[in-house]
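> Dropping a structure here in structure tokens format, bear with me for questions.
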Amino acid sequence: MIKSKGDVNILLNFRHNINGEDLIIAVAQDHETGEVLMVAYMNREALRRTLETGTAHYWSTSRGKLWLKGESSGHVQRVKDVLVDCDGDAVVLKVEQEGGACHTGYRSCFYRSIDGDELKVREDAVKVFDPEEIYGDG
């Protein structure tokens, strides 16, 4: 678990404002392989809860609320380290990913690549769960 000795929120620049919420960009990366799993936003509360619990929390810009990654699916991210960029407006969460990071069922949200004028599923993309079994048909 990540231990914080103080309020790291004052060290960061929550300068990305979406719908009145001050946010930082958060990149989740597999702590062993370096694979980029997902990109999301964090507000101050999401960062605080992440540091206190050792599990990734994010701010949903579409739902306008805090969410624990994996709260519906069980596919949580255990945070091993937090890196901060030079401007203090983005973090990389080095995580141990349980199951898939992407709501589409893939291990990573970055399962497609650009091929000419098309998006193609990468040959090495790994689908680890069926989203309909977890989320229903929506």
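The backbone N, Cα and C atoms fix where each Cβ goes, glycine too.
From Swiss-Prot, here are the annotated features:
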type	residues	note
BINDING	Asp85, Asp87, Asp89	Mg(2+) binding site
BINDING	Cys86, Cys102, Cys109	Zn(2+) binding site
> How many other Cβ atoms are found within 10 Å of the Cβ atom of Cys86 (Zn(2+) binding site), counting all protein chains shown?
6
> What other residues of this chain sit with their CB within 8 A of the center of the CB atoms of Asp85, Asp87, Asp89, the recorded Mg(2+) site?
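The surrounding set, listed in chain order, is Asn13, Ile24, Val84, Cys86, Gly88, Ala90.
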> Which one, from the binding-site residues Asp85, Asp87, Asp89, has the smallest tally of other C-beta atoms lying within 10 Å of its C-beta?
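Taking Asp85, Asp87, Asp89 as the binding-site residues, the minimal 10 Å Cβ count falls on Asp87.
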> Other Cβ atoms within 10 Å is the metric here; tell me which of the binding-site residues Cys102, Cys109 scores highest.
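The most densely surrounded of these binding-site residues is Cys102.
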> Take the C-alpha atoms of Asp89 (Mg(2+) binding site) and Cys109 (Zn(2+) binding site) and report the distance between them in angstrom, rounded.
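Cys109 (Zn(2+) binding site) has its Cα 21 Å from the Cα of Asp89 (Mg(2+) binding site).
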